[in-house]
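Participant: Sharing a structure here in structure tokens format.
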Amino acid sequence: MAHGLDLPGPLVSVLSELGYLWPDADEVRLMQLGQAWVSLQSKLDGVVTDAQRAAEQVWTHNKGDDVNAFKEAWGKAEDALDTLQKDATGVVVVGALILVCALVVLMLKIWVITQLVLLVIAIAQAIATAAITFGASLLEIPVFKEIFSRIINLLIGQALEVLLG
């Protein structure tokens, strides 16, 4: 079974130093869940069709005030058929929203990994130039950490804005 994007081991400690934890959200599982919700529409559409056919059989093969009342109530808003049709639409909307969440989680993970790799490169460069700068380049490391921490915080904020509107 597929699972979501995991953070490579060395980057876990870098992310932890910045004060963040790798999210437990599994974008693959979210995609599967969203697709399952979307696929419910066809099942509900089948139920709607079967229910309509069964209801038509009632008033086609029966007569009386009760049957007329049933026929009248069947087509009204907020009754059985209308509710089933709205449910079929609703499951697609829920599925689509879950799929959007999966994509946002995936994009956020990719952005965070990219930023962490850039931070590791910047730190490695500062360490590599420490000898020729008499250690002055090491003073850049806390600045790099702060900059990248703020970038990651901004990315998280943007992801939340997409999800929450």
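Each Cβ is built from the backbone N, Cα and C atoms, and glycine gets one as well.
Checked TrEMBL, it gives:
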type	residues	note
DOMAIN	18-138	domain 'Outer membrane channel protein CpnT-like N-terminal'
TRANSMEM	91-111	transmembrane segment
TRANSMEM	117-139	transmembrane segment
Participant: Helix, strand, coil: count each for the residues of the domain 'Outer membrane channel protein CpnT-like N-terminal' (18-138), based on DSSP.
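Facilitator: Its residues fall into 97 helix, 0 strand, 24 coil.
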Participant: Mind checking which residues reach the transmembrane segment (91-111)? Cβ under 8 Å, same chain, six or more beyond either end.
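Facilitator: Those are 4-5, 7, 23, 25-28, 30-31, 33-41, 44, 155-156, 159, 162-163, in sequence order.
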